[in-house]
Amino acid sequence: MSTVSGPVPVTGAAGDATGTADAPASGGPGGAGGEATAGTAGGAAPAARAVSMARAADARRTAADAGRAAGAVRAWLRLLGSELGMIFRRPRNLAVLAVLAAVPVLLGLALRLFTGVDGGGGAGGGELAILGRVTGNALFLAFAALSVLVQFMLPVAVSVVAGDSVAGEAGAGTLRYLLVAPAGRARLLTVKYAGAVLFCLAAVSTAVLSALLTGLALFPVGPVTLLSGATVSFTDGLLRMGLVVLYVAAGMAALAAVSLAISTLTEVAIGAIAATVVLVVAAQVLRAIPQLAALQPYLLTHWWTGFDGVLRDPVAFGDMGRGLLVFAAYIVVAGSVAWARFTGRDVTC
(Lines of atoms letter the chains of each structure in order from A and count residues from 1; the text may use other names and numbers.)
(Lines give C-alpha, C1' and ligand atoms only; values in the text may rest on other atoms or scores of the structure.)
Protein backbone atom coordinates (compact mmCIF):
# COMPACT_ATOMS: atom_id res chain seq x y z
CA MET A 1 0.00 0.00 0.00
CA SER A 2 2.72 2.42 0.93
CA THR A 3 4.61 1.50 -2.20
CA VAL A 4 1.53 2.12 -4.35
CA SER A 5 0.45 5.27 -2.58
CA GLY A 6 3.95 6.78 -2.68
CA PRO A 7 4.19 7.30 -6.38
CA VAL A 8 0.68 8.75 -6.54
CA PRO A 9 1.52 11.97 -4.67
CA VAL A 10 4.67 12.27 -6.69
CA THR A 11 2.71 11.92 -9.89
CA GLY A 12 0.08 14.33 -8.64
CA ALA A 13 2.71 16.77 -7.54
CA ALA A 14 4.38 16.56 -10.86
CA GLY A 15 1.04 17.04 -12.52
CA ASP A 16 0.32 19.98 -10.25
CA ALA A 17 3.69 21.43 -10.92
CA THR A 18 3.26 20.89 -14.56
CA GLY A 19 -0.15 22.45 -14.44
CA THR A 20 1.09 25.30 -12.33
CA ALA A 21 4.00 25.90 -14.63
CA ASP A 22 1.88 25.60 -17.70
CA ALA A 23 -0.78 28.02 -16.56
CA PRO A 24 1.41 31.04 -16.21
CA ALA A 25 3.35 30.11 -19.31
CA SER A 26 0.29 29.96 -21.46
CA GLY A 27 -1.62 32.62 -19.64
CA GLY A 28 1.20 35.21 -19.43
CA PRO A 29 2.12 35.45 -23.05
CA GLY A 30 -1.49 35.23 -24.07
CA GLY A 31 -2.42 38.17 -21.85
CA ALA A 32 0.52 40.20 -23.01
CA GLY A 33 -0.35 39.55 -26.67
CA GLY A 34 -3.94 40.57 -26.08
CA GLU A 35 -2.89 43.77 -24.41
CA ALA A 36 -0.43 44.52 -27.23
CA THR A 37 -3.05 43.84 -29.89
CA ALA A 38 -5.54 46.03 -28.12
CA GLY A 39 -2.96 48.79 -27.81
CA THR A 40 -2.06 48.55 -31.51
CA ALA A 41 -5.69 48.64 -32.51
CA GLY A 42 -6.28 51.57 -30.21
CA GLY A 43 -3.36 53.49 -31.79
CA ALA A 44 -4.21 52.55 -35.39
CA ALA A 45 -7.73 53.96 -35.24
CA PRO A 46 -6.68 57.61 -34.66
CA ALA A 47 -3.97 57.27 -37.32
CA ALA A 48 -6.49 55.97 -39.85
CA ARG A 49 -8.86 58.79 -38.98
CA ALA A 50 -6.04 61.32 -39.43
CA VAL A 51 -5.17 59.89 -42.85
CA SER A 52 -8.82 59.95 -43.88
CA MET A 53 -9.20 63.54 -42.71
CA ALA A 54 -6.04 64.56 -44.58
CA ARG A 55 -7.29 62.90 -47.74
CA ALA A 56 -10.67 64.57 -47.39
CA ALA A 57 -8.97 67.94 -46.89
CA ASP A 58 -6.85 67.34 -50.01
CA ALA A 59 -9.97 66.43 -51.96
CA ARG A 60 -11.71 69.59 -50.78
CA ARG A 61 -8.69 71.71 -51.72
CA THR A 62 -8.49 70.04 -55.13
CA ALA A 63 -12.19 70.64 -55.70
CA ALA A 64 -11.82 74.25 -54.57
CA ASP A 65 -8.84 74.77 -56.90
CA ALA A 66 -10.75 73.18 -59.78
CA GLY A 67 -13.72 75.39 -58.99
CA ARG A 68 -11.55 78.49 -58.95
CA ALA A 69 -9.87 77.47 -62.23
CA ALA A 70 -13.23 76.81 -63.86
CA GLY A 71 -14.53 80.10 -62.52
CA ALA A 72 -11.49 81.93 -63.89
CA VAL A 73 -12.01 80.35 -67.31
CA ARG A 74 -15.69 81.27 -67.30
CA ALA A 75 -14.86 84.84 -66.27
CA TRP A 76 -12.26 85.08 -69.05
CA LEU A 77 -14.74 83.76 -71.60
CA ARG A 78 -17.36 86.26 -70.43
CA LEU A 79 -14.85 89.08 -70.88
CA LEU A 80 -13.96 87.76 -74.32
CA GLY A 81 -17.62 87.56 -75.29
CA SER A 82 -18.13 91.14 -74.18
CA GLU A 83 -15.05 92.24 -76.13
CA LEU A 84 -16.17 90.44 -79.29
CA GLY A 85 -19.64 91.93 -78.97
CA MET A 86 -18.13 95.40 -78.75
CA ILE A 87 -15.84 94.76 -81.74
CA PHE A 88 -18.43 93.32 -84.07
CA ARG A 89 -21.20 95.75 -83.12
CA ARG A 90 -19.26 98.89 -83.94
CA PRO A 91 -20.40 100.40 -87.25
CA ARG A 92 -16.81 101.36 -88.07
CA ASN A 93 -15.60 97.78 -87.84
CA LEU A 94 -18.57 96.50 -89.81
CA ALA A 95 -17.81 99.06 -92.50
CA VAL A 96 -14.23 97.80 -92.64
CA LEU A 97 -15.46 94.23 -93.12
CA ALA A 98 -17.81 95.43 -95.86
CA VAL A 99 -14.92 97.05 -97.70
CA LEU A 100 -12.88 93.86 -97.41
CA ALA A 101 -15.81 91.95 -98.90
CA ALA A 102 -16.26 94.46 -101.72
CA VAL A 103 -12.65 94.46 -102.95
CA PRO A 104 -12.73 90.84 -104.25
CA VAL A 105 -15.99 91.59 -106.06
CA LEU A 106 -14.46 94.61 -107.79
CA LEU A 107 -11.30 92.66 -108.59
CA GLY A 108 -13.29 89.79 -110.06
CA LEU A 109 -15.43 92.11 -112.17
CA ALA A 110 -12.37 93.94 -113.47
CA LEU A 111 -10.64 90.70 -114.46
CA ARG A 112 -13.81 89.32 -116.02
CA LEU A 113 -14.59 92.42 -118.06
CA PHE A 114 -11.11 93.35 -119.21
CA THR A 115 -9.39 89.97 -119.62
CA GLY A 116 -12.22 87.55 -120.42
CA VAL A 117 -12.33 83.85 -119.64
CA ASP A 118 -9.51 82.16 -121.47
CA GLY A 119 -7.99 79.94 -118.83
CA GLY A 120 -4.89 82.10 -118.91
CA GLY A 121 -1.58 80.71 -117.88
CA GLY A 122 -0.18 83.59 -115.93
CA ALA A 123 3.51 83.72 -116.63
CA GLY A 124 5.81 84.84 -113.88
CA GLY A 125 5.76 84.12 -110.20
CA GLY A 126 4.18 85.25 -107.00
CA GLU A 127 1.29 87.69 -107.19
CA LEU A 128 1.50 88.12 -110.98
CA ALA A 129 1.27 84.38 -111.58
CA ILE A 130 -1.75 84.14 -109.29
CA LEU A 131 -3.50 87.07 -111.00
CA GLY A 132 -2.85 85.55 -114.41
CA ARG A 133 -4.65 82.34 -113.47
CA VAL A 134 -7.81 83.89 -112.01
CA THR A 135 -9.79 83.73 -115.24
CA GLY A 136 -9.01 80.04 -115.60
CA ASN A 137 -10.38 78.92 -112.25
CA ALA A 138 -12.68 80.52 -109.70
CA LEU A 139 -10.50 79.47 -106.77
CA PHE A 140 -7.61 81.65 -107.89
CA LEU A 141 -9.67 84.79 -107.29
CA ALA A 142 -9.46 84.08 -103.56
CA PHE A 143 -5.67 83.75 -103.74
CA ALA A 144 -5.44 86.91 -105.84
CA ALA A 145 -7.70 88.86 -103.50
CA LEU A 146 -5.55 87.98 -100.49
CA SER A 147 -2.40 88.90 -102.42
CA VAL A 148 -3.88 92.36 -103.00
CA LEU A 149 -5.56 92.93 -99.64
CA VAL A 150 -2.62 91.81 -97.51
CA GLN A 151 -0.52 94.66 -98.86
CA PHE A 152 -2.57 97.44 -97.26
CA MET A 153 -6.29 96.94 -96.68
CA LEU A 154 -6.03 94.04 -94.23
CA PRO A 155 -3.30 95.77 -92.16
CA VAL A 156 -5.45 98.90 -91.95
CA ALA A 157 -8.46 96.86 -90.83
CA VAL A 158 -6.41 95.13 -88.12
CA SER A 159 -4.89 98.43 -87.00
CA VAL A 160 -8.32 99.99 -86.57
CA VAL A 161 -9.34 97.27 -84.11
CA ALA A 162 -6.09 96.49 -82.30
CA GLY A 163 -4.94 100.11 -82.08
CA ASP A 164 -8.23 101.11 -80.52
CA SER A 165 -8.38 98.22 -78.04
CA VAL A 166 -6.57 99.88 -75.12
CA ALA A 167 -6.08 103.48 -76.23
CA GLY A 168 -9.75 103.81 -77.11
CA GLU A 169 -10.82 102.59 -73.66
CA ALA A 170 -8.34 104.95 -72.00
CA GLY A 171 -9.45 107.91 -74.08
CA ALA A 172 -13.12 107.23 -73.36
CA GLY A 173 -12.45 106.91 -69.64
CA THR A 174 -13.76 103.34 -69.43
CA LEU A 175 -10.41 101.63 -68.92
CA ARG A 176 -10.22 102.44 -65.21
CA TYR A 177 -13.65 100.89 -64.67
CA LEU A 178 -12.48 97.73 -66.38
CA LEU A 179 -9.42 97.63 -64.13
CA VAL A 180 -11.56 98.01 -61.00
CA ALA A 181 -13.19 94.66 -61.78
CA PRO A 182 -11.32 91.65 -60.34
CA ALA A 183 -10.24 90.53 -63.78
CA GLY A 184 -6.61 91.58 -63.49
CA ARG A 185 -4.60 93.59 -65.97
CA ALA A 186 -2.85 90.61 -67.54
CA ARG A 187 -6.17 88.83 -68.08
CA LEU A 188 -7.72 91.96 -69.57
CA LEU A 189 -4.77 92.34 -71.92
CA THR A 190 -5.07 88.74 -73.12
CA VAL A 191 -8.77 89.30 -73.74
CA LYS A 192 -8.01 92.40 -75.80
CA TYR A 193 -5.45 90.53 -77.87
CA ALA A 194 -7.67 87.47 -78.31
CA GLY A 195 -10.45 89.71 -79.58
CA ALA A 196 -8.07 91.32 -82.07
CA VAL A 197 -6.84 87.91 -83.26
CA LEU A 198 -10.38 86.67 -83.81
CA PHE A 199 -11.13 89.83 -85.77
CA CYS A 200 -8.06 89.09 -87.92
CA LEU A 201 -9.44 85.64 -88.67
CA ALA A 202 -12.89 87.08 -89.39
CA ALA A 203 -11.45 89.74 -91.71
CA VAL A 204 -9.41 87.25 -93.73
CA SER A 205 -12.31 84.80 -93.87
CA THR A 206 -14.70 87.53 -95.02
CA ALA A 207 -12.43 88.48 -97.91
CA VAL A 208 -11.90 84.85 -98.95
CA LEU A 209 -15.59 83.97 -98.75
CA SER A 210 -16.50 87.00 -100.86
CA ALA A 211 -13.81 86.07 -103.39
CA LEU A 212 -15.00 82.46 -103.58
CA LEU A 213 -18.61 83.46 -104.17
CA THR A 214 -17.58 86.02 -106.78
CA GLY A 215 -15.27 83.54 -108.48
CA LEU A 216 -17.97 80.88 -108.62
CA ALA A 217 -20.28 83.39 -110.30
CA LEU A 218 -17.79 84.76 -112.84
CA PHE A 219 -15.19 82.08 -113.63
CA PRO A 220 -14.99 78.36 -114.42
CA VAL A 221 -15.05 75.78 -111.65
CA GLY A 222 -13.12 72.54 -111.84
CA PRO A 223 -9.72 70.98 -111.21
CA VAL A 224 -7.10 73.52 -110.17
CA THR A 225 -3.86 73.85 -112.12
CA LEU A 226 -1.20 74.91 -109.61
CA LEU A 227 1.76 77.19 -110.21
CA SER A 228 4.00 74.13 -110.44
CA GLY A 229 1.91 72.75 -113.32
CA ALA A 230 0.28 69.93 -111.37
CA THR A 231 -3.50 69.60 -111.32
CA VAL A 232 -5.47 68.91 -108.15
CA SER A 233 -9.17 68.60 -107.44
CA PHE A 234 -11.27 71.59 -106.49
CA THR A 235 -11.71 70.13 -102.99
CA ASP A 236 -7.95 69.89 -102.58
CA GLY A 237 -7.72 73.48 -103.74
CA LEU A 238 -10.19 74.52 -101.04
CA LEU A 239 -8.09 72.78 -98.39
CA ARG A 240 -5.03 74.66 -99.62
CA MET A 241 -7.06 77.85 -99.45
CA GLY A 242 -7.80 77.06 -95.81
CA LEU A 243 -4.06 76.85 -95.10
CA VAL A 244 -3.59 80.24 -96.73
CA VAL A 245 -6.36 81.75 -94.58
CA LEU A 246 -4.68 80.51 -91.41
CA TYR A 247 -1.27 81.73 -92.57
CA VAL A 248 -2.45 85.22 -93.47
CA ALA A 249 -4.46 85.41 -90.23
CA ALA A 250 -1.28 84.56 -88.32
CA GLY A 251 0.54 87.39 -90.09
CA MET A 252 -2.24 89.80 -89.20
CA ALA A 253 -2.17 88.53 -85.60
CA ALA A 254 1.49 89.52 -85.44
CA LEU A 255 0.57 93.01 -86.64
CA ALA A 256 -2.23 93.09 -84.05
CA ALA A 257 0.34 92.43 -81.32
CA VAL A 258 2.43 95.36 -82.55
CA SER A 259 -0.62 97.61 -82.72
CA LEU A 260 -1.73 96.52 -79.24
CA ALA A 261 1.70 97.37 -77.85
CA ILE A 262 1.47 100.84 -79.41
CA SER A 263 -2.05 101.18 -78.03
CA THR A 264 -0.76 100.72 -74.47
CA LEU A 265 1.63 103.65 -74.94
CA THR A 266 -1.01 106.28 -75.67
CA GLU A 267 -4.52 107.35 -74.77
CA VAL A 268 -5.36 108.54 -78.29
CA ALA A 269 -6.79 105.72 -80.38
CA ILE A 270 -6.28 107.45 -83.72
CA GLY A 271 -2.64 107.94 -82.83
CA ALA A 272 -2.12 104.23 -82.23
CA ILE A 273 -3.94 103.36 -85.46
CA ALA A 274 -1.96 105.90 -87.48
CA ALA A 275 1.34 104.77 -85.98
CA THR A 276 0.64 101.17 -86.94
CA VAL A 277 -0.28 102.11 -90.50
CA VAL A 278 2.86 104.26 -90.80
CA LEU A 279 4.98 101.31 -89.67
CA VAL A 280 3.36 99.10 -92.29
CA VAL A 281 3.92 101.64 -95.07
CA ALA A 282 7.52 102.18 -93.98
CA ALA A 283 8.15 98.43 -93.99
CA GLN A 284 6.65 98.14 -97.48
CA VAL A 285 8.91 100.93 -98.73
CA LEU A 286 11.99 99.31 -97.20
CA ARG A 287 10.99 96.03 -98.77
CA ALA A 288 10.84 97.64 -102.21
CA ILE A 289 14.41 99.00 -102.07
CA PRO A 290 16.81 96.45 -103.63
CA GLN A 291 19.80 97.84 -101.74
CA LEU A 292 18.10 96.86 -98.47
CA ALA A 293 17.49 93.25 -99.45
CA ALA A 294 19.44 92.07 -96.40
CA LEU A 295 16.85 93.75 -94.19
CA GLN A 296 13.84 92.10 -95.81
CA PRO A 297 13.84 88.82 -93.81
CA TYR A 298 13.36 90.85 -90.62
CA LEU A 299 10.40 92.83 -91.94
CA LEU A 300 6.96 91.59 -90.95
CA THR A 301 5.46 92.64 -94.27
CA HIS A 302 7.99 90.58 -96.23
CA TRP A 303 6.36 87.33 -95.15
CA TRP A 304 2.71 88.22 -95.60
CA THR A 305 2.71 87.07 -99.23
CA GLY A 306 4.82 83.98 -98.60
CA PHE A 307 1.89 81.62 -99.10
CA ASP A 308 2.43 80.90 -102.80
CA GLY A 309 4.16 77.66 -101.77
CA VAL A 310 0.67 76.26 -101.13
CA LEU A 311 0.05 76.51 -104.88
CA ARG A 312 2.79 74.02 -105.66
CA ASP A 313 2.80 70.25 -105.59
CA PRO A 314 4.10 69.11 -103.22
CA VAL A 315 3.35 72.05 -100.96
CA ALA A 316 6.48 74.13 -100.32
CA PHE A 317 6.32 74.88 -96.60
CA GLY A 318 9.79 76.45 -96.41
CA ASP A 319 8.84 80.11 -96.73
CA MET A 320 5.65 79.63 -94.77
CA GLY A 321 7.53 78.00 -91.90
CA ARG A 322 10.05 80.83 -91.75
CA GLY A 323 7.20 83.32 -91.97
CA LEU A 324 5.44 81.71 -89.02
CA LEU A 325 8.65 81.92 -86.98
CA VAL A 326 8.91 85.64 -87.77
CA PHE A 327 5.26 86.13 -86.83
CA ALA A 328 5.83 84.32 -83.53
CA ALA A 329 8.89 86.45 -82.77
CA TYR A 330 6.94 89.67 -83.37
CA ILE A 331 4.08 88.41 -81.18
CA VAL A 332 6.43 87.53 -78.30
CA VAL A 333 8.37 90.81 -78.42
CA ALA A 334 5.36 93.07 -78.93
CA GLY A 335 3.32 91.11 -76.40
CA SER A 336 6.08 91.50 -73.81
CA VAL A 337 6.19 95.25 -74.40
CA ALA A 338 2.42 95.50 -74.13
CA TRP A 339 2.36 93.44 -70.91
CA ALA A 340 5.20 95.41 -69.29
CA ARG A 341 3.57 98.72 -70.14
CA PHE A 342 -0.03 97.81 -69.35
CA THR A 343 0.59 96.02 -66.05
CA GLY A 344 2.64 98.94 -64.72
CA ARG A 345 0.52 101.69 -66.20
CA ASP A 346 -0.97 104.37 -63.95
CA VAL A 347 -4.50 104.78 -65.27
CA THR A 348 -5.96 108.08 -64.13
CA CYS A 349 -8.38 108.85 -66.94
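Keep in mind that glycine also has a Cβ here, set from the backbone N, Cα and C atoms.
TrEMBL annotations: computationally assigned, not manually curated.
Marked as compositional bias 'Low complexity' by TrEMBL: 11-26. Annotated compositional bias 'Gly residues' per TrEMBL: 27-40, in sequence order. If you look up TrEMBL, you'll see 1-40 marked as region 'Disordered'. According to TrEMBL, the transmembrane segment annotation covers 94-114, 134-154, 193-219, 239-261, 268-289, 324-342.
Counting same-chain residues at least six beyond the ends of the transmembrane segment (268-289), those with a Cβ under 8 angstroms from any Cβ of the stretch are 151-152, 155-156, 158-160, 162-164, 166-168, 171, 255, 258-259, 262, 295-296, 299-302. A contact between the transmembrane segment (239-261) and the transmembrane segment (134-154) is present, since 3 or more of their C-beta pairs, 6 or more residues apart, lie under 8 Å.
The stretch from 134-154, 193-219, 324-342 with the most CB pairs below 8 A to the transmembrane segment (94-114) is 193-219. Sequence-distant contacts of the transmembrane segment (324-342) (same chain, at least 6 residues past either end, Cβ-Cβ under 8 Å): 166, 185-186, 188-189, 193, 247, 250-251, 253-255, 257-258, 260-261, 263-265, 297-298, 300, 302-303.
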